[in-house]
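Asks: Features from TrEMBL:
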TRANSMEM  33-54  transmembrane segment
TRANSMEM  119-139  transmembrane segment
TRANSMEM  146-164  transmembrane segment
TRANSMEM  202-223  transmembrane segment
TRANSMEM  244-267  transmembrane segment
TRANSMEM  338-365  transmembrane segment
TRANSMEM  386-408  transmembrane segment
TRANSMEM  486-509  transmembrane segment
TRANSMEM  521-548  transmembrane segment
REGION    589-616  region 'Disordered'
Amino acid sequence: RGKSHLTEEWEEGPRKYDPTFKGPIQNRGCTDIVCCILFIIAILGYFAVGILAWSQGDPRKVIYPTDSRGQFCGQAGTPLDPVPLKWINTQDSLHRNATVVIEARQVVMKIFEDYTQSWYWILLGLVIAMLTSLLFIVLLRFLAGIMVWVMIVLVILVIGYGIFHCYMEYAALKGEPGSDVTLQDLGFQTDFTVYLQIRQTWLAFMIILAIVELIIILLLIFLRKRILIAVALIKEASRAIGHVMSSLFYPLFTFLLLAMVIAYWAVTAVFLSTSNEPIYKVFNETACDHSRQTCDPNYTTSSMKKECPDSECLFAFYGGETVYHKYLIGLQFYNVFLFFWCANFVTALGQMTLAGAFASYYWAFVKPDDMPAFPVFSALGRSLRYHTGTLAFGSLILSIIQIIRVLLEYLDHKLKGAQNKCTKFLLCCLKCCFWCLEKFVKFLNRNAYIMVAIYGKNFCTSARDAFFLLMRNMIRVAVLDKVTDFLLFLGKLLIVGLVGIFAFFFFSGRVKAFENTAPHLHYYWVPILTVVIGSYLIAHGFFSVYAMCVDTLFLCFCEDLERNDGSAARPYYMSSTLHEILWKNKAEDLPSSSAQQQDDEDIQLKPKQAEEEDAT
């Protein structure tokens, strides 16, 4: 664009024009090595904590209750040792809690039985969600414009049907005995089907869905012009995914790694929480100097028993006084922190891998001839070989913020009964600030990983370049990139809504054709909720590839505009369709005088672009 201020900036700044630039740089060096070493040491320490916890813990303490001697109840070889009646009369609160535990255990057993009766139908529902998502992605590849509008209409219709169904249920319960009871008067019930017999429940569902429907319709009205531009970006993303089809299955690899991280954290947490030793205390009815002191289970031969003949040595709680038990809370904190760090690292690895694959598509001058043979595997190899430290650095920053949020929630829970209004306001402000900070860091990290995938620089440099590049294109980020994210979110809602409606009619037995096929369950909402959550995760996995592709192409597009001017010496790497629509979007956002000047510059460039297209 001649000698514009942007041209002068990247000619004099860190991103000088490089006529040999061909996209993602292959000759890279390792970045953020110190953080890479720190991450490796932390992982080795995490394994050590797990081994230590597994050697000390006993998960049976979570599953089975214990008697007054600390022995597991209901296990083979355990003698019957009922608690004396005198302790029952003096510990009513413990028995009220025991009743709640027993009821909760019965509910858990019923839920487990429902899963055993319906697991294969749940898997079928998840397979249907996966096939629906895959079909939707394939149709987007060839019919992006039509599919987006079909998706919008179907989302409105599905939510509208939900409102209609809630109203019909609300009207059908009119006059039924007990249906006018409020949720507040009903309280918590272990049988969740009770809530569906109350009119207020369906009224609440109807109001929530109506609000969601209204918000979506208003957003569509205000963003109707931007949707056309977002469709063009989705079309370009569809072409990129068409050349990198293996990217659609990369979320399975991310899901597998996350499942391993979650499983390791959960098992380690259980073993850490059950690694305390049984502590016994002296209990007595008459005065005794040794009352509530720690005692040995072989209490009958001790001197305490001789001084207090009517006292007994009973199990009190789990604890310990060794070095391991003193630092147990620190080990639990370390387990949580490393869980956040590893989970964020896996997510960051997926983002950088996909960004590298799609960047290789964008910066290929002749697509797909100039692309690597296996873009995803090449990008994954570059990320692990050169940028493990960068991934660890970005995920460490995010993990610190997340652990601070956890500590604030824990502090709020502990001080809930004693806090004054000033403390409550301060905690609320801190939680809000760190929530916003986490969202900002996630956004910055995502774009920083894209810049790392392209240029191979360290995290701080890439984050700085990505931030200022986005700030120079703030209008495009606000009205284009986010509109595309909104459309992709509607796609997730559509898939979840369709599969959820199918699961509801099947498991609830509302359709006569499925009455003999559907399993008989205690709570039919268990498989429905499982299918809905699983469908969302599956749809999110597929559409996250699209979202990452859109973000990568958008950032590459902004970088392309600043590096090149469309001349024969510095041609654009973007497609002609994408350039035409996105440039039209910029002209609409500029003031009238600037837009006229921009049109004059474009007229001068069109002959050069026409010659280049003819040559191509």
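Every residue gets a Cβ built from N, Cα and C, even glycine.
What does the local environment look like for each feature on the list?
Replies: Through the fold, the transmembrane segment (244-267) approaches residues 50, 54, 134, 137, 335-336, 338-339, 342-343, 346-347, 349-350, 353-354, 357-358, 361, 374-377, 537, 541-542, 544-545, 549 of its own chain, all at least 6 residues removed from its boundaries and within a Cβ separation under 8 Å.
Within the same chain, residues 28-39, 336-337, 340-341, 344-345, 347-349, 352, 427, 430-431, 434-435, 437-438, 441-442, 445, 448-449, 452, 456, 458-459, 462-463 sit at least 6 positions outside the transmembrane segment (386-408) and bring their C-beta atoms closer than 8 Å to a C-beta of that stretch.
Counting only same-chain residues 6+ beyond the ends of the transmembrane segment (486-509), those with a CB under 8 A from a CB of the stretch are 118, 121, 125, 128-129, 132-133, 136, 148, 151-152, 154-155, 158-159, 161-162, 216, 219, 223, 227, 230-231, 234, 515, 518-519, 521, 524, 527-528, 531-532, 535-536, 538-540, 543, 546-547, 550.
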Asks: Quick one: find which recorded stretch in 119-139, 146-164, 202-223, 338-365 has the most Cβ pairs under 8 Å with the transmembrane segment (33-54).
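Replies: Out of the listed stretches, 338-365 contacts the transmembrane segment (33-54) most.
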Asks: At a C-beta cut-off of under 8 Å, are there same-chain residues at least 6 beyond the transmembrane segment (146-164) that contact it? List them, or none.
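Replies: Contacts of the transmembrane segment (146-164) (Cβ under 8 Å, skipping residues fewer than 6 from its ends): 136, 139-140, 205-206, 209-210, 212-213, 216-217, 220, 227, 230-231, 234, 487, 490-491, 493-494, 497-498, 501.
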Asks: At a threshold of under 8 Å on Cβ distances, which of 119-139, 202-223, 338-365 pairs most often with the transmembrane segment (521-548)?
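Replies: By the under-8 Å Cβ criterion, the transmembrane segment (521-548) pairs most with 119-139.
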Asks: Apart from its near flanks, which chain residues at least 6 from the ends of the transmembrane segment (202-223) lie with a Cβ under 8 angstroms of it?
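Replies: Answer is 152, 155-156, 159-160, 162-163, 166-167, 169-170, 173, 183, 196, 479, 483, 486, 490.
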Asks: Do any residues of this chain, six or more beyond the ends of the transmembrane segment (338-365), have a C-beta under 8 angstroms from a C-beta of it, and if so which?
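Replies: Beyond its ends, the transmembrane segment (338-365) has Cβ neighbours at 21-24, 39, 42-43, 45-46, 49, 240, 243-244, 247, 250-251, 253-254, 257-258, 261-262, 265, 371-372, 375-376, 378-380, 382-384, 387, 391-392, 394-396, 398-399, 402-403, 445-446, 449-450, 452-454, 545, 548-549, 551-553, 556-557, 560, 571, 573-574.
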